[in-house]
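Q: Quick one: structure below, then a few questions.
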Amino acid sequence: MAPTAVIDTSDHSGHALDHVSDMVDEVNILKGQAKKGAAAADYLEENSKFDAEKDKTKFRQYMDACDRVKNFYKEQHTKQTVAYNLRARHLFHSKTRDELTVWEAIEKLNSLVDESDPDTEVTQIMHALQTAEAMRRDGKPRWMQCAGLIHDLGKLLYFYDAEGQWDVVGDTFPVGCAFDEKIIYPGSFCDNPDVDDPVYSTKYGIYSQGCGMDKIMLSWGHDEYLYHVAKAQSKLPDEALAMIRYHSFYPWHREGAYRFFMNEKDHEMLKAVNAFNPYDLYSKSDDMPSVEELKPYYIELIDEFFPQKVIKW
Ligand SMILES: [Fe+2]
Ligand SMILES: [Fe+2]
């Protein structure tokens with residue numbers, strides 16, 4: 001696909017999912033850089049010597065990338081309603097989709113996405129290993145390495161129950177309360193029926209101030225799906241579960257929205273998510289790890305946190 005083309009949301013192949021997912025990451029990387037650039041420009045403008053050309057370029061790249069993901073977000077923001085989210089959770093609890101070890105799940109996701117996309121630069125298994133290896137190099141705890149390894153495994157959902165790409169990847173946000181202006185493309189919620197709901201359209205909606213993020217229904221996707229799987233079947237600590245659940249919740253962990261729902265515990269969880277984020281976004285340019293060499297280390301790591309080995313997906 002040409003770099004300026006918009007995303008085709010009707011394609012249900014693994015390649016299409018991978019492409020959308022990569023574009024979403026690119027937007028988040030550029031958005032971070034544009035933000036930093038803007039802050040630097042603000043500061044330096046006062047000193048009147050600053051040439052902001054470089055930051056303007058970054059900002060333009062960010063806007064171009066946004067244009068490409070625009071129709072993806074339009075569909076997601078229209079369809080992620082309270083009703084859909086209740087249905088998705090009901091469907092999730094109603095059956096077991098598969099029984100696989102975590103390593104088998106990693107291999108399955110890799111083959112499903114890969115098989116339709118032989119040219120992909122960073123495969124699913126590479127992204128999993130690069131994220132975990134970068135953490136390991138930095139001496140991060142084993143539970144965090146495990147979270148890094150598995151954080152995107154929920155994308156398997158695309159090959160089970162998902163209706164499209166919009167309920168698997170992309171930034172996440174709460175449903176059941178007003179959609180915050182800090183969500184990417186806030187204007188694209190206009191066709192979501194919840195914006196006209198007398199309760200869902202209010203600041204706190206069906207929640208209350210300080211109720212805690214555990215109580216918030218986040219838009220359904222790979223993060224939320226894996227969080228429920230890992231919460232029920234792993235020994236991972238809360239910080240690791242938070243890294244999994246909130247890693248695409250950019251409006252919260254980066255933009256500062258919805259902080260009024262947080263309780264004391266959530267402040268610790270937010271620190272964990274912010275510690276996780278750079279490894280997810282910036283490890284893709286690292287060297288390609290050898291799957292065969294690393295497999296024994298990660299099998300042992302997985303066994304430590306998923307002692308029953310076979311997981312119900
Ligand atoms: Fe992800
Ligand atoms: Fe990721």
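Counting starts with 1 at the first residue shown.
Cβ from N, Cα, C; glycine included.
It should be emphasised that the depicted structure is a prediction, and the values quoted were computed from it without experimental measurement.
This is the feature table in TrEMBL:
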type    : residues                                            : note
BINDING : R60, D114, E115, S116, K155, G170, D171, H247, S248 : substrate binding site
BINDING : H127, H151, D152, H222, H247, D280                  : Fe cation binding site
Q: Within 8 Å of the Cβ centre of H127, H151, D152, H222, H247, D280, which other residues of the chain have their Cβ, at the recorded Fe cation site?
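A: Residues close to the Fe cation site, other than H127, H151, D152, H222, H247, D280: A128, T131, G154, K155, D223, I244, S248.
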Q: Across all chains shown, how many C-beta atoms besides its own are within 10 angstroms of the C-beta of S248 (substrate binding site)?
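A: Its Cβ shell of radius 10 Å holds 27 other Cβ atoms.
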Q: Can you list which of the binding-site residues D152, S248, D280 have their Cβ under 6 Å from some atom of ligand 2?
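A: Cβ < 6 Å from ligand 2, in sequence order: D152, D280.
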Q: Does DSSP give H222 (Fe cation binding site) helix, strand or coil?
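A: Note: H222 (Fe cation binding site) is helical by DSSP.
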Q: Can you tell me how far the Cα of D171 (substrate binding site) sits from the Cα of H127 (Fe cation binding site), in Å?
A: 18
Q: Rank aside, I only need the closest one: which of the binding-site residues R60, K155, S248 has its C-alpha nearest to that of H222 (Fe cation binding site)?
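A: Ranked by Cα distance from H222 (Fe cation binding site), first place goes to K155.
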Q: Within 10 Å of the Cβ of K155 (substrate binding site), how many other Cβ atoms are there?
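A: Its Cβ shell of radius 10 Å holds 24 other Cβ atoms.
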Q: Reported as an integer number of Å, what is the Cα distance between D152 (Fe cation binding site) and R60 (substrate binding site)?
A: 29
Q: If you count, for each of the binding-site residues R60, H127, H151, the other Cβ atoms lying within 10 Å of its Cβ, which residue has the minimum?
A: R60
Q: Find the shortest Cα-Cα separation between D280 (Fe cation binding site) and the binding-site residues R60, K155, S248, and name the residue that gives it.
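A: Nearest candidate: S248.
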